[in-house]
């Protein structure tokens, strides 16, 4: 092989590596090539901004709150980030092409997947709400396993991250579900990053740690079970309602940023409260999800779960930008979420 051919092959390999590098989030360290000092880049990372996308999506006033980052430095950082991350208009055809790359993670039930048009969508927030024993946590356990499957089997070929606010996560359930899909149980457990959240501030701080982990390895799924449980205990009474909703809105915005930056499927469970009015005397109490309009607007897809006969559960699509309102029946067994056996 001639020297010219060797150089041509090296250039081709380099170009391929560059294309692979540019696919996905940019590490925040790439801002150094745009003239940002390494000490300032470290301050950004310490503040939880691990990607250039994360910097570009962050409001200017939040960047100013980072210790040691002056007004002039913020302008320079924002300018450098905007050159690497396109934030302007794009055509609908380009957006349509990008949407074709979105992955759906199977729920474990073919009937439920049919209603969801493939499964749980990556790059967005899916909310599961319902009363206790409606199947929310069991669906989350199943997704922790199915997200590790190959894409041609309905998986996401990535790891799962589980933030547990209620103490209901059980690793042995993952082992049972892994057997069903023919996966090695030890590998499945190793690929699930688990954290217990103890208060709302801790729950928010865990998202900063999540971002630093996602930049290092591929995660396909982030679960918060439940997103609202700690808000019901940390904030009490109408006097703290405004503070609770502001804190919740910021937490949900951080979840959406992770979905945008890393393309993970974000699944949150939500508790419900009985809505007692005059009609409840005749039709029984109606349940509504916690969080009000802030939760409703922050989630992309909203699914309501309720109990059926025995182990049967019903999932209803409440709101979605692309899914019609529909219902699906599924069953909870030792193997996780499965189709009903009529």
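Yeah, the Cβs are placed from backbone N, Cα and C, and that goes for glycine too.
Residues annotated as ATP binding site in Swiss-Prot: 130, 131, 132, 133, 134, 135, 136, 137. Counting Cβ atoms from all protein chains shown, residue 132 (ATP binding site) has 9 others lying within 10 Å of its own Cβ.
When pLDDT is averaged over the domain 'HhH' (51-80), the result is 94. Annotation source Swiss-Prot lists domain 'HhH' at 51-80.
Marked as domain 'FtsK' by Swiss-Prot: 100-314.
Look at Swiss-Prot and you will find 1-24 tagged as region 'Disordered'.
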Look up residue 137 (ATP binding site) in the DSSP assignment and report helix, strand or coil. helix
Which chain neighbours of the ATP site, leaving out 130, 131, 132, 133, 134, 135, 136, 137, have a Cβ atom within 8 Å of the mean position of the site's Cβ atoms? 305, 307, 313
Which residues in the same chain, at least 6 apart in sequence, have a Cβ under 8 Å from the Cβ of residue 137 (ATP binding site)? 166, 168, 169, 225, 269
Filtered by Cβ under 8 Å and at least 6 apart in sequence, the residues in the chain of residue 133 (ATP binding site) near it are 307
The number of other Cβ atoms within 10 Å of the Cβ of residue 134 (ATP binding site), counted over all protein chains shown, is 23
